[in-house]
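**Q** According to TrEMBL, the active site annotation covers C273, H329, D352. The Ca(2+) binding site annotation in TrEMBL covers N392, D394, E441, E446. The domain 'Transglutaminase-like' annotation in TrEMBL covers 265-355.
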Amino acid sequence: MDQALDIERCDLESRINNTTHHTDQNGIDRLIVRRGLPFTITLHLRSGSQFEAGVSTFRLIVEIGPLPKEQSGTKSTFSLTDSALKTAWSVSTNSPPGNVVSLSVSSPPDVPIGLYSLTLDQGQKVKLGEFVLLFNPWCAKDAVYMEEERDRQEYVLSQAGLIYKGTTKRIKASPWTFGQFEPGMLDICLKLLDENPKYSSDADADCSGRRNPVYVTRVISAMINSNDDKGVLVGNWSGDYDDGVRPSHWTDSVAILHQWADNCCQRVRYGQCWVFAAVACTVSRALGIPCRVVTNFGSAHDTNSNLLIEFLYDEDGNDISDDSVWNFHVWVDNWMARPDLDAGYDGWQASDPTPQEKSEGVFCCGPVPLKAIKEGELNLKYDAPFVFAEVNADVVEYVKLTNGRMVKMGGSSIDVGHFISTKAVGSDERHDITHLYKHPEGSLQEREVFERAKHHHELQQKGEEPGLKVKIKVSPDMDIGADFDVFAVVTNNTEADKTCRVMFYARIVSYDGKPGANCGFIEDLTMEVPTGKEKRLPLRLEYVDYGDTITSDRLIQLVLIVIESSPREFHKAKRTIVLENPDIAIKLLGEPRVNQKLSAQISLQNPLPEPLQNCFFSVIGASLTDGKLLIQKYTNSAGTLDLFNISLIAFLATSQQIISKYGSTVVVGMIVNSLQGHISFSHWKILEVLSYSPPVNYALCPRHCILPSHDLPVLSILPAVLELWVQNKRPSTQWNSHLLAPGPGP
């Protein structure tokens, strides 16, 4: 029988582990490790308790967040294994028998980061302690892995840096202390994650999301500013800073983050772009995400997302623009893989915590791959159009005349995005990274990228996608018996003119998908579609073509095939349409009353361009047609209106309905015993009527329906064709309380 280990104490070996995991700058008084790399803990057993491999059994439990769950990855339970696992939490040991047990605990490289509890379970649970798990740029399987040690030293471990400000003519470096390893900083950064609104709404989902540096970076971007939440900094560009600190007076992140945390997450006044970016860099590096501060000189702020900076002046020369170009603007780049995007977009990602425009309803921006910005791929997450405009927008200038007319007076394609700068790795030199954000200003490549990006963004704004798009549109009135058009629509959302072959056809189809005969086609037609244009090709569907083969389902399937000539690509669209039945009208003649005859007039306009033969109406309604099916046969001429009357009696004042069904058959060539070769259609509607009972005393009718002694609406038939709803309007509770005794019924 297994004997439980009697644990005297657990040593989390913080000194050794923190040094091995490059977290010792946080201190060695508690365990701080990085994911994907094993760490060691030591169990010291009380005298008389012995560990023996293969005999002693237990499980470890790691949990993060207030409501940890196995299915969300915020809780994991695991037993001893012979060696470390790469894709799941695991624990192994090489300890000999004795009362000291050294355990090697391994975490997967993609689990959530944050504060974990560690528990030993051997039927009775013993909490061994807590540890902090961070992203790991030293682990090749981690999404934040950086290959070069000198880069990791600069972008993860360095606590000081330079931020560039000024103008394109005079760039000046200002020192900044990030201080991510200063006392209390890591706890404050973890608290910042816990204060974000997503944690408040669903703590477990938020903690689970912290496995992904993309998710964490967006949370940081939103929480550094305080526009939507209990974020850190208030932005102020007014020049009035009397109730706070002038942004230019800040020189380190530590004082800002301490002030925020020590005052119950009250907003810190004030910050501007370089302050927002520097604090974001501190939080990112503290959590293990490689980060650098970046300055863009001549930085555009595009408020209407059209990739143009539109300067607008009145006739007196006053600037009345919403758009602007800042002398400089500062944000951060974070290093990470992007498995949520196509291959090729890993690496540096731009993220901007300065509150300028909302992203998915929140003031944050990014992360977006620098490669996507450089190549104008504006459909990629997150906020690519805004960042692209910051470094590559064109400038246009207008004068607004007093009569409202706009007159263009100038512009430039080279004013935005210059000397994009960050501190060099391992030195205090300025490193120009403009080439990572854009092609050389004014080059053919740069212009091609801008035009492509503008084109794609305009499509995105309209909810369209790049490429050749095909779809089928139909006419509003597609009635049985009518001739009508359907349309093949080809839209060229590429940057080149297209030559295409078009095949467009229609065929009868039944409700179970079985195809029937063709009833219209266009084959091998050549279509020229200019870039940015839409072409429509009509296909006329005529009754003489579909009338012989249409089934009672009234379904026609449309198929469009478009073949591009270069490159040779195939596009297909398919749509099934239902032809409308004719309206059948019903009109009551006289006032309906219980147990009295009711006449109704039913009419139909023949929709077909030929006579209807072997036609009949059928009418039935519970307690209205005495349980009988009423049938009216007749022959109808092409396009004529037919009228006939039916007689009904409302036997009860309870909820009833009348159902009338019309069917018609047009014989084509010969009569066959199937739907193939003729048309059959039916229609159902409801008509509104009020029915009054004749005057009676309070009494129970023979079928126990309570009726009042004066005229009261008891039948309600709602508007439609061939269906009547009769609803009882029962006496009120007050009337029921005065019910005397059974008497003569209606």
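Glycine too: its Cβ is placed from the backbone N, Cα and C atoms.
Any idea what these are sitting next to in the structure?
**A** The number of other CB atoms found within 10 A of the CB of C273 (active site), across every protein chain shown, is 25.
Sequence-distant neighbours of H329 (active site) (same chain, six or more apart, CB under 8 Å from its CB) are C273, T295, N296, S299, H301, T354, E390, listed in sequence order.
Long-range Cβ neighbours of E446 (Ca(2+) binding site) (same chain, at least 6 residues apart, Cβ-Cβ under 8 Å): N392, K438, H439, P440.
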**Q** Between D352 (active site) and D394 (Ca(2+) binding site), what is the CA-CA distance rounded to a whole number of Å?
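**A** So the alpha carbons of D352 (active site) and D394 (Ca(2+) binding site) sit roughly 21 Å from each other.
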**Q** Write out, in the order they occur in the sequence, the residues of the chain not among N392, D394, E441, E446 that have a C-beta within 8 Å of the mean position of the C-beta atoms of the recorded Ca(2+) site.
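**A** Going along the sequence, the neighbours come out as A393, S413, I414, V416, G417, K438, H439, G442, R447, V449, F450.
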**Q** The domain 'Transglutaminase-like' (265-355): mean pLDDT?
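**A** Averaging the confidence scores along the domain 'Transglutaminase-like' (265-355) gives 92.
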**Q** Minimum Cβ neighbour count within 10 Å among the recorded positions D352, D394, E441: which residue?
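**A** Relative to the other recorded positions in D352, D394, E441, E441 has the fewest Cβ atoms within 10 Å.
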